[in-house]
């Protein structure tokens, strides 16, 4: 095998009318939008700034005079790929997305409206999916600290669907755009991976009337002795500790306070914010020990994974507690005897009225009982290796777990390979064949089959208990019903269909995800409240939690890998140039501190529809429409949910054509839309073809699991889940798959020098369409859950040799597998592809481990025994379903979808 880089054949493209291929790439790989002549002629007509007016001092030209995504997003070439991967370090840091204007008169120049004809932008410019939202442009003096670059929250934490807020409800209604906030309070699984500033004392200054927290947008009065609330306008006293430290006797500068400088901040809470002292972190593991779980290897894999993860459980204060319950048709408790290494197994067979068989020793301190816990986890599988018990009494086990930890709170972590089939909460297999593909499918198969699970979940929430599910059965498990447990307790459902320990890749995925799940620095006993300026009301809440009151969301434990959406309504006319939003999470940390994480957002207002459209965030809009489509599917039907998504696109296009197309020219294309929204139609179209909504027959467990993911994924993962990312590996540049080279200035010499970073360069994505493919290519598909490596049927033999170590295409392993590992010297191409896969799998804000599926495409030379392999055919169809721009099954292509839209909008 040669390590020499091969020159693989390059695909040749024909640049048709309106092709994006002729557009020069922007540094860093983001493609410059391609505008037609007709649009360029309309640019000044669409401006909301007088073209004769001089540029406003302090206003970046990208926001006032260039197309969305052009000058604003040109990043330095060396580090551009990382430019939009900002994490917590940028949470309160400098941002080019939030701008303050200087010397503003009456008219505030906001983002400019540019029009795109969707029918002329095929294939759609997918580089837009990597861009941040349109900038938020604030008037001068909005922030207490002049020209602060850290006052507004980064979109990774807190973003709005509209970065200009309508001044009245009629304008919002007229726009057909949703008004909602997307909140993701945490952006890494571990505390140390974030850089959110924390107050140095327990002084918390809040408005006496609206209870808003002091923030970078307040104003000072009476020589700095009082602050005026930016939410309700009330004057409040500045705490004396802001200016004088009584302990050290030193004078302080109040303008140095982190809460006055940063959009995202954590307050250390005093005792009055505690209903009780912060509780220890608690994990009660409910483990399926029935014959299904034992034979599939779940029981052994989980106990080994927990054993290997004990050091990763957050336990800085040495107070973490654990308990274990084995479940078949009986409940098997494990009592730890103080001072002894061993444990007792206590079996309760009365599942109708389950009870705790011992008053102590069931829930124990992990640190103090470490040896006994380790021994139990080593011996655990042997207790059940000869079982023939087919029962699984999940309901009674949950009630026992609740009884065990209800005085403290914590987590019930359930591992199941069996449908609950005995005791309270018993479920049965539903008749899918009779309703699949019919309007009543959702209500019959996706609704809860037993009210126990929701009512129990609500009880858990009030007891500060979260429930997490890891479901691994190869047969029906009723994910739709069971997912009520995590949905109302701020947990999550994890679904592993046909899982078996005989497959190393299955074991790797489950083990990594469980281990990362246990290692999260979760917050405990948390509540989320979002407040807005006068005239704005929080009307609907979406995500995994329970609404304790009209505006208070309750989280027994607060996960770090989910996001939440709050829909808003405008109750009163807004007569101020800026409105404010504040999200606050009161919680206990895993290391025993009571804290409040506060996120602040200021957004300008306008009475002009073009301002609203020019600043709309297409990714946040996709997020809220996804939640509302799920709501429609569960309350009505899947066809209604798909119609909802299509109708939203039609409504928005109709408004744009009627109200915003320059001069409303007769005969103008009905598919014109603002450039910053040009990917919204394909995202909503792709959503109709998603596993959760598509019209084709889908097993109800798979559909329910997909809807669970759609309802909790943060925006970057949600977008990829809807519109998968595809990379062409056979044509990638030489630097892809290798560490990125950066140029930096040596502080001592002042000279530029090249530095090798740890960041792996990824290829530029291509469109989700076979028209972007070559029949001799190699493609990597990332759909946020799995990775597909597509090896085309006419692939170059040398490429197969370099990647797999054989030139026989049909000798390579297909299906769920891993690539052979060759060193850089043995095969540079293999090394680079594995580096790319490793980079895609690498994340610090999600526990998901993406399995790799190798798929060999068909060809005219394919042996008949290969073409008759049902598993391979199914695998090809699965991978093809990721190409959402193409016609798949009964679903139309994106081009056909646009044609249908044109008819509907023209009516």
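For all residues, glycine too, the Cβ spot is worked out from N, Cα and C.
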Out of 207-232, 233-258, 259-284, 285-310, let me know the one Swiss-Prot marks region 'Zinc finger-like'. 207-232
Ten-angstrom check, please: count other Cβ atoms within 10 Å of the Cβ of residue 207 (Zn(2+) binding site), all chains counted. 21
Under DSSP, the region 'Zinc finger-like' (207-232) has how many residues in helix, strand and coil? 0 helix, 7 strand, 19 coil
Can you give me the same-chain residues 6 or more apart in sequence from residue 232 (Zn(2+) binding site) with a CB-CB distance under 8 Å? 207, 209, 210, 212, 534
What number of additional C-beta atoms lies within 10 angstroms of the C-beta atom of residue 229 (Zn(2+) binding site)? 23
Around the C-beta of residue 210 (Zn(2+) binding site), how many further C-beta atoms are within 10 angstroms, looking at every protein chain? 16
